[in-house]
Amino acid sequence: MFPLIILISFSLASLSETATGAVTNLSACLINHNVHNFSIYPTSRNYFNLLHFSLQNLRFAAPFMPKPTFIILPSSKEELVSTIFCCRKASYEIRVRCGGHSYEGTSYVSFDASPFVIVDLMKLDDVSVDLDSETAWAQGGATIGQIYYAIAKVSDVHAFSAGSGPTVGSGGHISGGGFGLLSRKFGLAADNVVDALLIDADGRLLDRKAMGEDVFWAIRGGGGGNWGIVYAWKIRLLKVPKIVTTCMIYRPGSKQYVAQILEKWQIVTPNLVDDFTLGVLLRPADLPADMKYGNTTPIEIFPQFNALYLGPKTEVLSISNETFPELGVKNDECKEMTWVESALFFSELADVNGNSTGDISRLKERYMDGKGFFKGKTDYVKKPVSMDGMLTFLVELEKNPKGYLVFDPYGGAMDKISDQAIAFPHRKGNLFAIQYLAQWNEEDDYMSDVYMEWIRGFYNTMTPFVSSSPRGAYINYLDMDLGVNMVDDYLLRNASSSSPSSSVDAVERARAWGEMYFLHNYDRLVKAKTQIDPLNVFRHEQSIPPMLGSTQEHKYSSE
């Protein structure tokens with residue numbers, strides 16, 4: 001933590017020393033280029049409302065956290081191009097925010113020493129569906145929920161494969177891959193992108209052909225904030241039945257009981273038919289002692305099994321009871337509905353029992369209620385975990401009432417799509433992915449260090465049971481514990497093209513976590529970064545560094 005504390009201090013110092021002239025220059029440039037929707041720290045009346053609207057992890061809302069000098073909300077591609085031009089001209093670092101769900105706050109906080117701005121894409125959220133071609137264009141600021149809603153308005157037999165959080169921005173989600181309940185059937189969100197419009201650091205609007213296949217490959221799964229700003233994605237619509245089945249299955253019990261179910265789950269779920277996804281959310285029971293131990297079988301762990309099946313309830317019951325009788329799925333634990341209703345059912349808009357208002361227009365809401373403080377980490381499991389290993393999971397989980405685990409099953413299309421098809425590499429050979437989470441509220445924030453140490457200790461305890469050499473991680477669940485390249489960015493900005501050794505060092509240092517996220521695809525991502533953004537204009541604490549080598553200074557033009 002020591003280097004991070006030092007860099008936070010540098011960032012705060014740089015903020016306090018930001019020249020009034022630089023602020024004036026950027027403000028004037030934006031206005032001269034017809035960009036009028038922006039707020040300035042700390043004088044603009046609505047600055048903090050804008051900052052916090054899409055700030056989803058309250059760990060980064062603390063007063064001592066670095067603040068952007070500007071928050072800019074472009075509403076057209078012309079304004080977006082002008083925004084990039086003006087920010088570069090005034091020497092402001094750019095952070096791009098779509099939905100603000102970055103696990104480490106990289107879309108709205110910078111620990112670099114430079115003054116920075118947020119380019120917020122919330123005004124670029126149009127979704128245009130073309131059923132004839134079974135495609136849609138979604139602007140980079142559209143949320144997943146907005147995409148789902150737009151599709152459902154014109155078809156009840158089409159869907160898109162993405163995550164369950166409707167307020168998550170498509171720009172970041174698709175850039176990192178985008179796993180969801182349809183991924184075993186259709187692959188990731190990024191697997192279903194057929195074209196894109198990318199605005200690079202030189203203000204060029206590039207489609208797939210213009211950007212080239214290496215860059216188009218990189219923007220699908222290579223992580224957000226690296227390549228430029230995606231103005232829009234062209235996505236493939238996916239055929240689904242009119243009726244699907246959802247299940248929420250609760251099986252609270254002792255650690256021994258839950259471990260037995262999980263031991264079977266890890267074998268069954270990767271081999272289910274592709275139409276069937278069965279994930280698990282685990283949390284400590286956290287019950288009063290008289291309730292927890294009042295029965296002969298103690299309730300220590302509370303598992304929630306979430307199932308989506310692309311077909312009728314009768315088939316769900318038949319398949320589950322044949323392949324996984326230990327779970328004992330009951331008729332009243334499952335419901336038939338349309339696909340878009342299932343998206344609402346599994347979203348944060350539903351209550352703990354999956355109940356919702358049934359109003360699918362709620363999927364368009366951008367603001368997320370119930371924000372909290374959280375820290376996440378990820379792993380991939382390639383070999384079945386023993387009963388003792390499962391018990392180890394649960395013993396560690398029980399230690400923290402603010403902790404929980406999410407198990408996402410792989411197999412199906414995730415096995416069939418090549419690990420080099422897009423930049424996201426975690427494919428065949430993975431049984432399931434693990435997400436570790438500690439989440440707390442303001443009243444508990446005095447315990448934040450305890451929760452952070454718990455999740456790091458849990459992660460270390462899991463080492464024998466998960467992938468290795470390298471240990472895998474998912475870029476959409478950023479984890480700064482794996483390393484940061486703030487020093488690398490400083491070197492890159494100050495290195496000359498005739499002295500490439502610093503860029504080589506930066507690439508090699510970033511390899512430590514870059515290969516955890518991208519495995520063997522890391523070097524190709526460096527190549528793509530060097531091609532599209534050699535001056536490292538678009539960067540954050542875990543972005544892909546370019547190689548400098550023969551790079552020449554680009555002359556930026558807004559024309």
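Cβ coordinates are placed from backbone N, Cα and C, and glycine is handled just like the others.
Per Swiss-Prot, the cysteine from Cys29, Cys98 that shares a disulfide bond with Cys86 is Cys29. Asn25 (N-linked glycosylation site) sits 9 Å from Cys86 (disulfide bond), taking the CA atoms of both as reference points.
Applying an 8 A CB threshold to same-chain residues 6+ apart, the list for Cys86 (disulfide bond) reads Leu26, Cys29, Leu30, His33, Val35. Ranking the recorded positions Asn25, Cys29, Asn37, His101, Asn321 by C-beta neighbours within 10 Å puts His101 at the top. Here the Cα atom of Asn37 (N-linked glycosylation site) is found 22 Å from that of His101 (pros-8alpha-FAD histidine).
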